[in-house]
């Protein structure tokens, strides 16, 4: 019975992703964000229980990536698609396939394609056991889903202008697809014991994240993700010295 618990948790992650897809297509970004975050929560615990019960398996690894493909791949691609349709003033209920703007909006799904490649590569990359190479799909999903929430809650004309500009959104899309698969080692956030000396970087980053979220709410999420990448780059440079 114990061997099925991690896979069941993974399927709950997938179910959360399916619900998030429905909300994403209805442009209910708050609920889409909630169910993606909930799915990511279960994504963390499927691996935790697999290690706890010593029931890790190749099936579990494949199932985990398939679930992440929906929760952290399809959903952020859909969210970016709708951000682009809004920026381009497209009514998707009455679109024409010859409309170049529609194809421009579909570029948002490059995030989904990048996520798919990243997840497939992760499954066969033996270097990513204790750390990551490229931004993990859950972190990227939170980054993308935070953007429409920032847009809905900002008073800044600069942020408003950027997040409704098709070219800026295209740059974000391309950056997202790139950083998912970039050969940049990123430190893992999982803490396996209570050794502060060993995990001081992770602990410090978590504390920083909590503080900045309390101060900036949704605006903190992209700042945290960017800080995570930059901090990893600096950490890699220091480790080589």
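We number each residue from 1, going along the chain as drawn.
Glycine residues also receive a Cβ, built from the backbone N, Cα and C atoms like all the rest.
Going by TrEMBL, these are the annotated features:
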TRANSMEM  7-25  transmembrane segment
TRANSMEM  31-53  transmembrane segment
TRANSMEM  65-88  transmembrane segment
TRANSMEM  100-120  transmembrane segment
TRANSMEM  132-151  transmembrane segment
TRANSMEM  157-180  transmembrane segment
TRANSMEM  201-231  transmembrane segment
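Contact counts against the transmembrane segment (201-231), taken as Cβ pairs under 8 Å, peak for 132-151 among the stretches 31-53, 132-151, 157-180. Here the transmembrane segment (100-120) has long-range neighbours at 65, 68-69, 72-74, 76-85, 88, 90, 92, 134, 137, 140-141, 144, 166, 169-170, 173-174, 176-178, 180-181, meaning same-chain residues at least 6 beyond its ends whose C-beta is under 8 angstroms from one of its own. Annotation: stretch 31-53 has the most Cβ pairs under 8 Å to the transmembrane segment (7-25), among 31-53, 132-151, 157-180.
If you look at the transmembrane segment (31-53), the same-chain residues 6 or more away from its ends with a CB under 8 A from one of its CBs are 2-3, 5-7, 9-10, 12-17, 19-21, 23-24, 60, 64, 67-68, 71-72, 75-76, 79, 138, 141-142, 145-146, 149.
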